[in-house]
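**Student:** According to Swiss-Prot, the protein has these features:
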TRANSIT   1-37  transit peptide
SITE      R139  site 'Interaction with DNA'
SITE      R179  site 'Interaction with DNA'
REGION    224-228  region 'Interaction with DNA'
REGION    301-308  region 'Interaction with DNA'
SITE      R327  site 'Interaction with DNA'
REGION    332-335  region 'Interaction with DNA'
REGION    361-368  region 'Interaction with DNA'
Amino acid sequence: MASRNIWRVRRNFLFDLRGWVPQYSAEVFLKSIPFRPFSVECNSKDGENGDLLNNLLTMGVDVDMARRRQPGVFNKAVTNEQELKMFLLSKGASDKVIGSIISRYPRAITRTPESLSKRWDLWREIMASDLEIVNILERSPESFFRSNNNLNLENNIKFLCSVGLTHKCLCRLLTSAPRTFSNSLNLNKQMVEFLQETGISLGHNNPTDFVRKIISKNPSILIQSTKRVKTNIEFLQSTFNLDKEDLLLLICGPGARILDLSNDCTKRNYTNIKKRLLSLGCTEEEVQKFVLSYLNMIFLSEKKFNDKIDCLLEEKISTSQILENPRVLDSSIHTLKTRIRELAHAGYDVSTSSIALLSWSQRRYEAKLKRLSG
């Protein structure tokens, strides 16, 4: 009878705790060691919470990635991964998305359900649906989980509304530069005040409208330093010899996009553009006019700019054609080569005709190609 009882004890027992179904043998049972509600094997390091690691593995979290990003989370005795999972599932997130969010920003599991709910409600004041927020979290989990200071978030929303930002602009900010709302309120105030002062100094008669224009053109500007933005404004003014009126028009328009670019990157890329075009026989005035006509080219690294110029020159396209059509530099080298080849096959010679269609949208280009091909 005793041996039969022991045999029964040696059978595996199934427990269903918090959704897990691990198995335990008699050796564990007879030693009176408390059962752990996890069965996934993992290699925990000293000081790490083994149960947490097993739990995260079961949830599809890339533990190695999470360790590299925020190792301290795994030493915490109390975490809220199950509560986080249930909360995000209720908002429409999939298991795969939840695993990805925690893998890239493991600190998310330290947020309480109450804090998550409050923060979500504040975001919903701006976004139209839960799914839109889930999409932002999937792309940038840090933007939502980086801070649990919901009062700061609420104050930022109120402040940005008070300076004239529309609901549409706030929505774009949250979508494109969500870290804006995790900034301290003082940081956002400093940037807005700096922009207002800049607008006034350049002769803008409505500083609030100036701020709104800059932010709508460049949502990322609020997460940059005032020093960086100021240096880029000074660079534009000195490089292109602009008076206040022209500078104002530039930074309220296409120039707004480069205000948050690294100062070193701005100068290095422009220096390369200038050097390359001068080597092709352009004058300094032509270089300035070329860059001002399409400032986006300043985002091109030295290699990308030079490779695209080389590609165009190899196809017998002249420097003057490039100067007249700076937007062709927006297209990838693959697109440029493919279109030039297709146009040649259709009897269109880019060396003697307009090259503007090299930068057209795919739909517009295909319609043109169809007409050329008869």
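Backbone N, Cα and C define each Cβ position, glycine as well.
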**Student:** Measure from the Cβ of R327 (site 'Interaction with DNA') and count the other Cβ atoms within 10 Å, all protein chains considered.
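**Tutor:** That number is 15.
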**Student:** Please indicate, using numbers and ranges, the residues of the same chain that are 6 or more beyond the region 'Interaction with DNA' (224-228) and have a C-beta under 8 Å from a C-beta there.
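**Tutor:** For the region 'Interaction with DNA' (224-228), the far contacts come to 190-191, 194, 259-260, 262-263.
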**Student:** For the region 'Interaction with DNA' (361-368), what are the same-chain contacts with Cβ under 8 Å, counting residues 6+ beyond its ends?
**Tutor:** 339
**Student:** Provide the number of Cβ atoms within 10 Å of the Cβ of R179 (site 'Interaction with DNA'), excluding the reference atom itself.
**Tutor:** 15
**Student:** In whole Å, note down how far the CA of R327 (site 'Interaction with DNA') lies from the CA of R179 (site 'Interaction with DNA').
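**Tutor:** Cα of R179 (site 'Interaction with DNA') to Cα of R327 (site 'Interaction with DNA') measures 31 Å after rounding.
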**Student:** Cα distance, R139 (site 'Interaction with DNA') to R327 (site 'Interaction with DNA'), nearest Å?
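**Tutor:** Just about 29 Å between their Cα atoms.
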**Student:** Give the three-state DSSP assignment (helix, strand or coil) for R327 (site 'Interaction with DNA').
**Tutor:** helix
**Student:** So for R139 (site 'Interaction with DNA'), how many other CB atoms are inside 10 Å of its CB?
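**Tutor:** So the Cβ neighbour count for R139 (site 'Interaction with DNA') comes to 12.
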**Student:** Kindly report the helix/strand/coil residue split of the region 'Interaction with DNA' (361-368) according to DSSP, in that order.
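**Tutor:** Residue counts in helix, strand and coil order: 7 helix, 0 strand, 1 coil.
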**Student:** What is the pLDDT of the region 'Interaction with DNA' (361-368) when averaged and given as a whole number?
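**Tutor:** Result for the region 'Interaction with DNA' (361-368): average pLDDT 95.
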**Student:** Using DSSP, what's the helix, strand and coil tally for the region 'Interaction with DNA' (224-228)?
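**Tutor:** Helix (H, G, I), strand (E, B), coil: 3 helix, 0 strand, 2 coil.
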